[in-house]
Amino acid sequence: MALARTRTRTPTLPRPTLTILILALIGFSLYNSSSEAFHGGPDSRRRSMVLPLYLSPSNSSSHAHRREFQGRRLHKSDNRPNARMRLYDDLLSNGYYTTRLWIGTPPQEFALIVDTGSTVTYVPCSDCEQCGNHQDPRFQPNSSSTYEPVKCNMNCNCNKEGVQCTYERRYAEMSSSSGVLGEDVISFGNESELKPQRAVFGCENVETGDLYSQRADGIIGLGRGRLSVMDQLVDKGVIGDSFSLCYGGMGIGGGAMILGGISSPRDMVFAHSDPYRSPYYNIDLKAIHVAGKPLKLSPKVFDRKHGTVLDSGTTYAYLPEEAFHAFKAAIMRELHSLKQIHGPDPNYNDICFSGTGRDVTLLSAIFPQVDMVFGNGQKLSLSPENYLFRHTKVRGAYCLGIFKNADPTTLLGGILVRNTLVTYDRENNKIGFWKTNCSELWKILNYPSSPPPPVTPLVSDSLNGNTEIPPSIAPDGSHPTFFPGEFQIGLISFDMMLGVNKSVKLNFTELTEFIAHELEVKVSQVHLMSLKVEGNYSLIRWAVFPAKSSEYFSNTTAMSIILRLKEHHMQLPEKFGSYQLVELKVEPQMKQSWWKQHHLWTVTIGVLVTLVFGLLTLGAWLFWRQKRQEVGSYEPVGAIVPEQELQPL
């Protein structure tokens, strides 16, 4: 029996969501998985909290299992660095969030789905026999000077040649990933304090199902298990046993991820998380309130089967049948003025309402507040964007993003924590929640600004000749703070080839907003310059101008925009189709003439002079006209006039 059905708003399911479904398919057990043990020797046999691919008997006791997690508390996480990483894509449009990870020397870049329900991190290998076409090129082991295969040993499954360890992962939606295990240097980007580290990862040879068709390259596993990136970094002692995720709000997407400990905000709400109950991150949910009124449910309803599970890779939330009906009824009682309509997908009986308007900030005045109450009495308040999603066919309509689960487990997906900083404090067995604006998390947490990642030289044809943009890393290894000479960027333009469905009408206002958000500039700075349609493709030229108060971009801002465009870090919702950057132009600030520099004063003086001259001219003309009427007046023919004496000659 499936634990919950997978839902998506895109034609294909882009990620192996609901990894926890496997529990219902093949049962749950704690095991010493041969595919998880990747270092030889008797000390490597630890009882890992992972989901088995091949069930095998356990050789360790429950006490040993507990000691494994307690041993990590010896590490102090206060002063250790962490890896700050951006999140891309959008949960409802793409079905997942991705982050960027670099593997090898020199680094090879990959877009990986962030998944707290998976343990293995894997990317397609260059010799993959069955891998789809993804966002980035496949990993080339032979091109990395630091790559080493994980040699076959008694604690792992081996390939046919008996030389290298292998891994295999199967998911409930009938997708799978399998390949060999390798070890190499992984890097987290220039925004990270954490230096590159060696880690074991999967190099895919075969992928099936949705893994084959998704745009993302692979998965970064943040769950509990020996192959998890978190477990490997924690075992090395380089980060604290904690990580945080922050998903962007409705219609915005993006966000942030931090591997390692951070200082928790004072008003962060915490829930206990039991690492021994299941291999997934769970919380002790006790009650749900709608508009301040508790649902009439026993607390045990949220504690059945696998309890209440938090999964970053699941899109929506799923409640046990009893809890779902109570929640639905409570929401309906609070919505008196809205009309219920059919959902956007005929395959699902969605609960949707029209007449609310598109302004997300006004939803709180229409939809009730929902509170989740934890075992310690603390509450997590949910705004409407945490349990609603936009209707894709009716403007100003929204649907419930919480559904009935045929399984007794309560499953909380990413929609529930949009614009919420979620800290997985594994060291202290608790999960924290803090409502915030995830698009500006670094500013809110008062992190110092980081230099942009390195960019290779870029030659662009500007209107004033060819201009070469230097790398962001100077020859001596330092970061330049300005462009050489007097070069200042006054305009950045780019041509975008957008592949769209003819049946879909492009909303250029909305597209402009997304581009501005991805480039981290104001909407008023992004302008559509030209549009040319050829078949199913549209060639669009965009221009990015400096802010109104400036005549040119700061070097940091310019390099950030150039990097995001050049390295295709700009992620647009899938409804806009796929895009390709055709050409990028950078134009220097135009040197203004004396006239342009003083045009305001010049125009003002000119207007005043013209006005004065005009008034003087008008006055002179009126005076002349009056005098002429007086001198040149005459009597009509036949009028009686006095005789005039002739003057003597």
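Cβ atoms here come from the backbone N, Cα and C positions, even for glycine.
What TrEMBL records for 57-80 is region 'Disordered'. Summarising the annotation, TrEMBL assigns compositional bias 'Basic and acidic residues' to 67-80. The domain 'Peptidase A1' feature in TrEMBL is assigned to 97-434. TrEMBL lists D115, D311 with the feature active site. Positions annotated as transmembrane segment by TrEMBL: 600-624.
Just so you know, the Cβ of D311 (active site) picks up 25 other Cβ atoms within 10 Å once every protein chain is counted. Over the domain 'Peptidase A1' (97-434), the average per-residue pLDDT in this prediction is 91.
All chains included, 24 other C-beta atoms sit within 10 angstroms of the C-beta of D115 (active site). Here the CA atom of D115 (active site) lies 7 Å from the CA atom of D311 (active site).
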